[in-house]
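See structure below.
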């Protein structure tokens, strides 16, 4: 079968559908979403991974950084010291396998290879493994637990399987991970950080206006750094529903989410509007008033001060580096949470809402 060109929207849809019974309603699943591209854009990773515990992202990795790092509330999980080193080692092996697959496919690309690997604990505490793969947005291969190898109907599946079989004990490592390592990790996470599954972070909100076409302005209601991802935004005019605008939604590198909704109104009428936000982290719906120009000026001053503080921090970092090179101990340890990889969506469904006057931000990007 021929291989179609990559369709980014299809890739996201595929990984939304693949989990099956491992939906967001279950908090007892551990899933790794792996993606590799044969022709990455300059400055972007060729391979990246997001790890999910139930509906929450707990891990990120990409080939530029080369280290597995915790996300969201899992940054504070009381894990054993070697845990993240083990995650890093395993994902570097996966990175090598995925990039080797492109050699087996030849140079006809571009190709996008994705994998969904993990396990779910059933009611009787037994583990149900998942190991499926997609090429350019179409599922084409899985890992057969009985045969202990990869297989599929496409010739590309045979080519990749043969290539991976040549790697040192790759099939045995895959089998061991699915049947033993994955359920063990899942049980450890549930034991050490079950409270993190109830993590709720309320959004920081802002409502701003900017000029649009002659005689009109655009109101933008923005929500920052919230979790869980389900969120409702709606506009009111003098207390009455004002319809919905154009929405935007996406994940942050720390496991939280951001969203916004924009509405076009008549110039001079902006002060009649407000934004209402509903979220699990809020005790009640929050009313967000239009930000005044004076407040915006204060924000600009704050940004300038922030830049100055970052500059000072950079100078301090240079001094710290020199201190460490000279053999002196470091006075602190800093956690880094950047991620240049594109995060894949979590399985789940959006919260129901009245679409006539509510802008619903879905649980999947």
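Each Cβ is built from the backbone N, Cα and C atoms, and glycine gets one as well.
Of the residues 60, 217, 326, 334, Swiss-Prot records the annotation phosphoserine for 334. Looking at the stretches 4-10, 11-17, 291-297, the one that Swiss-Prot records under the feature region 'Connecting peptide' is 291-297.
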